[in-house]
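Colleague: What TrEMBL lists as transmembrane segment is 53-72, 78-95, 102-121, 127-147, 159-178, 207-229, 274-297, 303-324.
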Amino acid sequence: MRMSANKDSNGETDTDAVYIRNQFEYDRMQSIHEDIVAIERFHEMKDSTADTIIYTVFVFETLVTVFLAGMITEHFYIVHSIKVLVLLPLRWYVFKQIGKHYFMLELCTWIHILIMIYIWSPWKPPGMFPALFLFAHGPLIWSVYNWRNAFVPHSSEKMCTLFIHIAPALVTWSIRWYSTPDQGFALCANPTEPGVNGCNSIGWDELILYPFIIYGIWMAYYVPIVFYWKAEVIKKNKLATAATAILEKDKSAKSLGIINTMVHLLGPKYQTQMYFVASILTGYFLLILAYFCYISFVFNCVHFLTLVLVACYNGATFYIKVVGKEYYKNEEKKNE
C-alpha cells in the first residue's frame, strides 16, 4: 500500500508511522554512540590521579557509611546530615559544569531539605515523617531504576546522583525502626505507644494529604521557574531538567517506560500537562508501595536492598561495557 500524508482513524499521519518504524534503528545508533563516548571518556580518565582519588574516596565513604549504619543506627541521622552538607553542594558544582544544575530543583532535593529540617529543627508536625518516609522509599529510591542510577565510584556525578536518591531511604529507615522516644521524632500522628512499635499503621491523611501538600509546595516553585521564568535560558543553552529530558525524549529518560508513554499519549499539544499527570499518578503508586515499607520491617529491608542491587548492577554494566570492551580490544591487538 502506498503511503500518504493523510491521517488515519487514530489521528496518526504516515509521517508518524515512518518515525515509529525507524525508532528502533535510531535507538540502536544512539546506543553505539554512547559506547563510543564512554570509551573515549575512559581513555581520558584511566591515567588520571584525580579519578583514582575520587574512586578511592567514594568506595571508602560507602564502606564507612554501611559500617556506621549498622553500628550507630539510632544516631545515623548525624552521619547522613554531614554527608548532605558535603555532597549536595558537590552535586550542584559538578552538575553546573555539565549544564545539569537545574536538576537541583527536582523533588529529590526538596525532600532532602525537608528531612534536614525535620531532623534538626524543633518543628516536627506529626504527619511529616510518614510523608517523608513514603517519598524516600517511593519516587526517590525508584529513580535508581527509572533513571538507571549506577554505583560508579570514579564518577562524582554518578555517585552524587546515587546518594541523593538512596540516602533519604536509608536515613528514614534508621529513624523509623531504630529511633528512641527520647530523640523526639514524631513517627506518626496517632501512636499507640511510645517508640517505633507505636506506629505500625498510619492514617489516610498521612498517606495522601501530607504527601500532596509536600508535592504541591514543590510544584509551586518548580513550575514557575522551569516552565516560565527560566524556560528560555534552559532552552537556549540546552540545559537539562527531568521535565525537558522526558518532554524532548532525551536518551537519558528512555528507561522511564510507562511515564514516557503517558506523557506523549495525547501528542505534543498536551505533553506538558500529561507530564504532571503521569508524575502524580506514578508518584502515588510508588507512595502506596512505600506504605508497605512503613508497616513492615522485613519488606522495607528487602525493598531497599533490591534497589541497591539495581544500582550495583547498573554500575557493573557500565564497567563491563566500557572497561571490558577496552580490555578485549587491547588483547586482540596483542594477538595480531
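Cβ from N, Cα, C; glycine included.
Caution: TrEMBL annotation is automatic and unverified by curators.
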Colleague: The transmembrane segment (102-121) vs the transmembrane segment (274-297): three or more C-beta pairs under 8 Å (separation of 6 or more)?
Modeller: no
Colleague: Do the transmembrane segment (78-95) and the transmembrane segment (159-178) come close, with at least three CB pairs under 8 A (pairs 6 or more apart in sequence)?
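Modeller: Yes, these stretches are in contact.
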Colleague: Quickly jot the same-chain residues contacting the transmembrane segment (159-178) by Cβ under 8 Å, restricted to those at least six beyond its ends, or write none.
Modeller: 58, 65, 69, 73-74, 76-77, 80, 83-84, 87-88, 90-91, 94-95, 108-109, 111-112, 115, 119, 129, 132-133, 135-137, 140-141, 143-144, 147, 149-153, 185, 187, 196, 199, 294, 297, 300-301, 304, 307-308, 311
